[in-house]
Amino acid sequence: MPHSDELDAGDVLAVENLNIAFMQEQQKIAAVRNLSFSLQRGETLAIVGESGSGKSVTALALMRLLEQAGGLVQCDKMLLQRRSREVIELSEQSAAQMRHVRGADMAMIFQEPMTSLNPVFAVGEQIAESIRLHQNASREEAMVEAKRMLDQVRIPEAQTILSRYPHQLSGGMRQRVMIAMALSCRPAVLIADEPTTALDVTIQAQILQLIKVLQKEMSMGVIFITHDMGVVAEIADRVLVMYQGEAVETGSVEQIFHAPQHPYTRALLAAVPQLGAMKGLDYPRRFPLISLEHPAKQEPPIEQKTVVDGEPVLRVRNLVTRFPLRSGLLNRVTREVHAVEKVSFDLWPGETLSLVGESGSGKSTTGRALLRLVESQGGEIIFNGQRIDTLSPCKLQALRRDIQFIFQDPYASLDPRQTIGDSIIEPLRVHGLLPGKEAAARVAWLLERVGLLPEHAWRYPHEFSGGQRQRICIARALALNPKVIIADEAVSALDVSIRGQIINLLLDLQRDFGIAYLFISHDMAVVERISHRVAVMYLGQIVEIGPRRAVFENPQHPYTRKLLAAVPVAEPSRQRPQRVLLSDDLPSNIHLRGEEVAAVSLQCVGPGHYVAQPQSEYAFMRR
């Protein structure tokens with residue numbers, strides 16, 4: 001039954017007294033309490049708060065997806081104005097009616113793209129299916145529109161990507177596919193749950209601008225769920241701050257940033273890492289720990305030098321990793337993705353080397369190739385003086401005790417059938433390191449170190465938020481006391497306060513045990529805080545590498561400068577340069593089979609600071 005007289009003028013969505021709970025061991029656990037808000041047509045409402053504060057379950061409740069997961073939802077009012085201007089009460093819609101509402105009138109970009117995309121269908125089919133269902137388009141028309149949407153979200157070789165499967169794409173590319181799918185039907189309301197978490201800063205800037213452009217064209221209301229206050233400052237009109245399932249403050253973006261009233265809001269803003277905060281400092285520095293009771297910043301002491309002189313613990317020389325692309329009636333390999341091309345670097349005990357670059361630049365593939373999770377076609381990988389790229393699988397398994405990996409997608413890397421205690425204890429069992437009671441005590445200690453409770457060991461992955469699942473993955477990686485940890489976007493899914501705690505934990509472990517980190521990230525403020533050295537990757541090659549201070553304070557390569565310039569700043573009044581969308585052809589690392597790409601030539605421009613000389617392929621970086 002329509003409720004056209006109950007929506008205020010200009011509103012496209014209105015929620016009153018939303019309560020969400022889950023049953024656990026015959027006990028009702030409240031996740032959201034008495035939440036009320038509205039969204040105007042053409043407005044962006046940012047919902048911010050810590051991991052587990054109720055942001056994502058609120059979004060799932062609006063999409064009517066919680067009932068299937070056992071969620072108990074009660075609400076006085078949940079009104080939506082559809083694209084046809086009809087106003088409906090979402091809580092009264094049947095499952096069949098909601099299938100027509102989702103996608104056409106309300107769309108959602110989910111936090112974890114690997115678990116949101118169907119692994120058995122090509123991404124082009126998945127985007128086209130939504131277009132066919134909601135726009136009555138033919139298959140051919142839908143595929144043309146799907147290709148156009150992939151172009152819009154800055155995916156190179158979009159025509160090729162249409163026929164690829166989710167597991168064949170990087171995390172950032174999967175996230176862009178999700179964004180393309182959500183925007184393809186031009187909904188009245190877009191709910192974006194951490195949509196730029198897996199994206200590098202340059203693509204993030206493009207996506208934020210794309211959302212704003214489409215929002216203006218369609219007068220689309222946007223609910224933007226994020227923990228990145230820089231993104232909030234850039235995109236939001238109003239901000240809703242949530243803490244422990246309740247709204248503690250709401251107001252315009254200027255009010256929240258310049259005159260926050262609630263202690264938690266002030267603490268949240270104080271914990272935001274600022275690019276440039278490490279200027280003049282040579283070594284990594286702990287994040288200030290911010291509490292609700294004491295939101296004032298207390299600068300911690302500078303970290304002492306942890307890098308051990310002598311031989312590197314890990315040495316990589318001319319690493320090459322390529323993936324075949326098949327085509328034609330005979331399904332022959334005709335082209336290859338040059339994911340990693342002649343990459344070389346050293347990693348010393350106690351050092352953090354950060355790999356930064358765009359999604360698809362080869363960062364994650366480099367990390368996976370070091371553990372032989374993907375096979376390389378050339379180069380040498382030497383760990384503690386021993387070549388590991390030629391080891392047998394049996395010897396390689398023993399070596400993995402000393403090199404651990406923290407994956408980008410926490411839900412996909414945890415077994416949904418195992419409790420998280422079993423997931424953390426599994427490496428200890430595989431390597432036969434600790435008996436039962438000692439292993440259980442180790443699990444409890446690890447959970448506490450990453451900000452969780454020992455009793456959480458009996459829960460399953462689906463019972464945690466995205467940020468909490470990432471903490472579980474970090475605890476699992478730390479279980480074996482490894483010498484090297486490869487952290488692939490290990491803190492990208494965490495809110496600012498927990499992110500600071502995890503970075504401080506990693507620094508403490510590095511100081512105490514001499515762990516070396518290969519830190520793969522697109523968060524330049526975090527990279528600046530944790531790194532000893534930084535390597536910038538572009539199209540599978542390192543184009544700049546050197547001490548963190550030199551790279552951040554005196555970037556030499558135009559791509560490095562572009563990365564730093566694209567970092568969002570937590571200041572809503574700051575003027576941002578307008579970026580031209582799709583102003584040029586996107587470069588690609590896909591080449592004909594057998595075609596060799598010239599390796600960039602690195603030149604020394606300072607102590608330990610090497611830069612590739614700009615070539616024609618970097619011309620697209622002009623501002």
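Note that Cβ sites are derived from N, Cα and C of the backbone, with glycine treated the same way.
According to Swiss-Prot:
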{"type": "DOMAIN", "residues": "15-269", "note": "domain 'ABC transporter 1'"}
{"type": "BINDING", "residues": "49-56, 357-364", "note": "ATP binding site"}
{"type": "DOMAIN", "residues": "314-564", "note": "domain 'ABC transporter 2'"}
Where does Gly49 (ATP binding site) sit in DSSP terms: helix, strand, or coil?
strand
Sequence gap of 6 or more, C-beta under 8 Å: which same-chain residues meet both conditions with respect to Lys363 (ATP binding site)?
Leu355, Val356, Gly357, Asp488, Ile520, Met537
On the 0 to 100 scale, where does the mean pLDDT of the domain 'ABC transporter 2' (314-564) fall?
88
Spatial neighbours of Ser53 (ATP binding site) that are distant in sequence (at least 6 apart) but have CB under 8 A
Met242, Tyr243, Gln244, Gly245
